[in-house]
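Peer 1: Can you keep this structure in mind? I'll have questions shortly.
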Amino acid sequence: MSGEEKAKPVAESSVGQQLRRARESLGLSVGAIADQQHLRPSIIQSIEAGQYSKIDTELFLKGYVRAYARQVGLDPDAVISALDAELEPLRQEREQQQKANPLVDIARKKKRKRQIAKFVMVMLLLLVAGGLIFNYAADKDLSMLTGKDAPESVEDTPDPDARDSIGADRPAAAEDNIPESIEDVEPDAERPDPAPDAQAEQPGAPVETADVEADNASGVQESNRVAEDAPENVADAAGAQPVVEVSEPEVTAMQPAATTVTEAVAPGVRLEMAFADDCWVQVSDGEGNRLASALRRRGDTLDVSGQPPLRVVIGAMSAVQSLEFQGERLDLASFRTVNNRSEFTLEP
């Protein structure tokens with residue numbers, strides 16, 4: 001009997017028993033405590049009976065116990081310390097079960113492999129980035145060297161204006177020579193025919209007339225020969241001049257400057273929260289980024305920004321003092337709450 005009597009105070013000193021005695025001393029029912037925390041009465045009964053495994057997570061359990069202790073006038077910190085002492089054997093038992101479970105070992109190995117793969121990827125990215133930087137620096141040095149050698153090649157290039165002036169002078173000289181040769185030929189080609197005068201002076205002498213006609217024929221042939229030689233002289237004079245090719249400067253079309261198009265980035269939204277008690281909160285943005293996921297203490301504030309919509313999960317809605325979205329204070333009573341837990345989405 002003495003052993004049972006010693007075990008009884010120990011059993012009654014559990015957190016659940018302390019809360020139950022404090023509740024009964026105030027004359028409160030389980031339903032009243034549950035209603036104030038927006039919980040099911042079965043959760044309060046599980047806490048008083050020490051059946052902590054029926055609570056979702058240890059974080060929620062501590063939140064419920066802290067709120068329960070405050071309702072019945074107990075010190076929340078002392079109650080939570082006693083709860084930690086009760087949960088320690090359960091934690092050790094859970095760890096042993098996880099170590100004995102082969103699936104946990106497989107998950108641990110997979111996690112290790114993922115960590116190694118991430119490390120290898122980071123090293124590869126660093127190597128690639130270093131190679132790109134080295135190539136960029138080498139190309140820059142090469143461009144600087146070629147820029148210094150460019151003026152020498154420019155000086156060796158002949159001036160296109162000078163070539164144009166030379167080509168213009170030479171055709172002019174050729175044109176000056178062509179008319180002289182033509183003028184020299186024209187007097188011979190336009191010589192008067194002496195045959196009519198000779199025939200008019202001596203119409204009666206046939207022998208002399210025949211001689212005159214022969215002379216006239218030879219004169220006509222000579223004139224024709226001179227006329228035929230004139231184009232050849234002109235062609236020779238033109239061919240004797242060297243042909244100068246004038247290269248026109250290449251006109252390079254100006255390339256339009258590349259236009260940089262900047263995509264408009266959707267503006268982020270802002271969420272601000274203040275807490276009057278310990279509360280677990282999780283906030284994710286529309287891109288799947290987790291902006292916050294932690295336990296907030298009394299007096300803490302939360303200020304996050306992200307791409308809309310924001311998905312918010314609050315473990316203890318009663319611990320939230322205020323909630324502002326885009327600078328506008330929202331009514332906490334407008335959110336659906338189950339067991340003091342609320343999930344909702346905020347959009348601008």
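Here the Cβ of each residue, glycine as well, is placed from N, Cα and C on the backbone.
Grabbed the feature section from TrEMBL, which reads as follows:
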- 116-138: transmembrane segment (TRANSMEM)
- 148-237: region 'Disordered' (REGION)
- 177-187: compositional bias 'Acidic residues' (COMPBIAS)
- 196-206: compositional bias 'Low complexity' (COMPBIAS)
- 273-345: domain 'Cytoskeleton protein RodZ-like C-terminal' (DOMAIN)
Peer 1: Give the nonlocal contacts of the transmembrane segment (116-138) in its own chain as ranges (CB under 8 Å, at least six residues past its ends).
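Peer 2: Hits for the transmembrane segment (116-138): none.
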Peer 1: On the 0 to 100 scale, where does the mean pLDDT of the domain 'Cytoskeleton protein RodZ-like C-terminal' (273-345) fall?
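Peer 2: Averaged over the domain 'Cytoskeleton protein RodZ-like C-terminal' (273-345), per-residue pLDDT gives 93.
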